[in-house]
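Everything on this sheet refers to the single structure shown next.
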Amino acid sequence: CLDPSKFKEFRLIKKTQISPNTARFKFALPTPNSVLGLPVGQHVICRGRDKDGEEVIRPYTPITLDSDVGYFELVVKMYPEGKMSHHFREMREGDYLAVKGPKGRLKYKPNQARAFGMIAGGSGITPMFQLIRAILKNPKDKTKVHLIYANTTIDDILLKEELDSFAEKFPDRFTVYYVLSKPPENWNGGVGRVTKEMIRVHCPPPASDIQILRCGPPPMNKAMAAHLNELGYTQDMQFKF
């Protein structure tokens, strides 16, 4: 259904609030048998209007795969001053979103790495989630995935139910370590920011057949790059969404 050169309109059929500032948006494809046509690791470009009516274009990664037929879903964190956030906040079921794609540098192939370390912050979980789902759904894909996922509070953790379910169902293939800067009492995950030590403990060590993927706010991305360099991960082993 996607066209990389022009925007196409998709109708919003369900909007579900999943945290105070985040919602899950389900869009219908043209027919119940239609497939979005998004390779794993790629994203789409969405077009909307900010509060002043100006056009805004932003990239988003669907959390669905092409095995999800007839629809696709986006999880969107809506920031108070975000231009595209305004568009999604105003969207109601029945409205249309202009989308084009696929775009992106990562073209995932099963077993392209022995293991992935993933470091995500906030809504940076969406490209990771798409990849995790694709790997775990494929019994022939032996890639192991180790996710570090950082947020402010426990309510900010997106797709936690699904991630916990993956960890329970595929304990030999997927692990998740949550980090919160404002944890609740009796919290047994990480506290504060993602540290070099957390990466050392929870990600696979540097090797030619591993990759560390990261996606989060720019300051976090910069800090993680510094940690990874100090831990001996070469540029070939690192990928930023």
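A Cβ is built for glycine as well, from the same backbone N, Cα and C atoms used for every other residue.
Heads up, TrEMBL stuff is auto-annotated, nobody curated it.
Here is what TrEMBL records for this protein:
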| type | residues | note |
| --- | --- | --- |
| BINDING | Arg58, Pro59, Tyr60, Val75, Lys77, Lys83, Met84, Ser85, Thr126 | FAD binding site |
| DOMAIN | 5-109 | domain 'FAD-binding FR-type' |
Key: Whole-number Å value of the largest CA-CA distance among Arg58, Pro59, Tyr60, Val75, Lys77, Lys83, Met84, Ser85, Thr126, listed as FAD-binding   = 19
Key: Model confidence over the domain 'FAD-binding FR-type' (5-109) (mean pLDDT, whole number)   = 96
Query = In sequence order, which same-chain residues at least six apart have a C-beta under 8 angstroms from Tyr60 (FAD binding site)?
reply = His43, Val44, Cys46, Leu74, Val76, Thr126
Neighbourhood of Met84 (FAD binding site) by C-beta distance under 8 A, where only residues 6 or more apart in the same chain count = Cys46, Gly48, Asp50, Val56, Ile57, Arg58
